[in-house]
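Trainee: Just passing along the structure, written as structure tokens.
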Amino acid sequence: MGSATPPRLQKFPATAPADDIYAAFKQDGCVIIEGFVPPDQMARFSQEIQPAMEKIQVQVTNDGNSNDRVKRFSKLVTTSPTFRHEILENDLMHELLQRVFSKPGEGLGYHFNDTMVIEVQPGAPAQRLHRDQELYPWWNSMGPNAPECLVNFFCAVTPFTAENGATRLVPGSNRWPELTLINAAECPQYGNIESAPAIMQPGDCYMMSGKVIHGAGHNATLSDQRRALAFSTIRRELRPVQAFPLWIPMKIARELSPRTQAMFGFRSSTQHCDVDTVHFWGNDGKDIGEHLGLMSSA
């Protein structure tokens with residue numbers, strides 16, 4: 001919505017109390033966390049995925065497609081040891097997600113929807129403004145007070161600047177009275193939306209609600225390849241974009257911690273109902289991890 005002053009993104013160091021970061025997330029729907037991934041981890045991760053990134057051909061479509069001059073790569077857990085053994089073991093990420101999705105005594109209330117590297121090439125146009133929860137179209141209709149369905153952690157692998165396509169965020173758009181699609185026909189604020197660029201250094205990230213309006217900015221540079229690492233997480237009741245257990249080899253799955261195995265669908269989550277305990281993604285009422293022969297997480 002139009003305002004007298006440009007919107008401002010709240011920022012916290014990764015050492016700040018999780019409750020403070022979560023409060024800012026609840027208020028604005030997005031918050032920048034500085035130093036979320038240690039720079040040395042991010043540098044090693046970037047080196048490990050570089051050969052795969054170099055094999056991806058850049059598409060130039062000039063048709064408004066979100067892949068126009070953008071590289072995307074999702075096979076991170078099978079490509080990068082740093083990703084699966086270090087970056088995914090981020091305790092702050094889980095502290096925040098527990099506050100968003102989980103109930104006491106019920107384990108993880110969430111799992112990964114997708115994990116992806118997104119690299120915006122020089123000359124790439126600005127992305128269409130959107131809400132990520134449009135993946136589940138009915139969620140917008142439930143309005144701003146509905147539970148979160150999706151939370152993104154979007155990490156800078158290379159510097160994010162206003163010039164090279166830093167994501168444009170609209171803080172507070174998670175609380176707009178109507179969560180409509182962002183287009184001329186359905187959004188009363190269309191053409192009058194003020195956004196702020198997420199300026200970040202490698203290792204910084206923004207945590208974002210699926211309700212928040214955002215879009216990659218235009219990369220107006222001649223040589224900057226703006227590289228990001230995105231974790232998309234969803235409620236355990238929802239189906240993810242990536243069929244992780246069908247393409248992650250068991251050899252890799254066995255290397256993961258029990259918590260990360262659950263995030264990728266190799267373990268069940270539980271919910272306590274009035275008369276019983278239900279295993280989501282289970283096997284005959286038991287943890288799917290037992291069927292797969294994974295060691296006990298107890």
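Just so you know, glycine gets a Cβ as well, placed from its N, Cα and C.
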Trainee: Among His214, His218, His279, find me the residue Swiss-Prot lists at the same Fe cation site as His130, Asp132.
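Mentor: Among His214, His218, His279, only His214 appears alongside His130, Asp132 as Fe cation-binding in Swiss-Prot.
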Trainee: The substrate site in Swiss-Prot includes Arg72, Thr167, Arg226. Which of Gln27, Gln127, Gln261, Gln271 is also listed there?
Mentor: Gln127
Trainee: Just the number: how many Å between the Cα atoms of Asp132 (Fe cation binding site) and Arg72 (substrate binding site)?
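Mentor: That comes out at 16 Å between the alpha carbons.
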Trainee: Might you list, by sequence position, any residue in that chain lying six or more from Arg226 (substrate binding site) with a Cβ less than 8 Å away from its Cβ?
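Mentor: Set apart from Arg226 (substrate binding site) by at least 6 residues yet with Cβ under 8 Å, we have Glu119, Val120, Thr158, Pro159, Phe160, Thr161, Asn164, Gly165, Ala166, Asn219.
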Trainee: What other residues of this chain sit with their CB within 8 A of the center of the CB atoms of His130, Asp132, His214, the recorded Fe cation site?
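Mentor: So the additional residues around the site are Leu129, Arg131, Glu134, Met208, Gly210, Val212, Ile213, Gly215.
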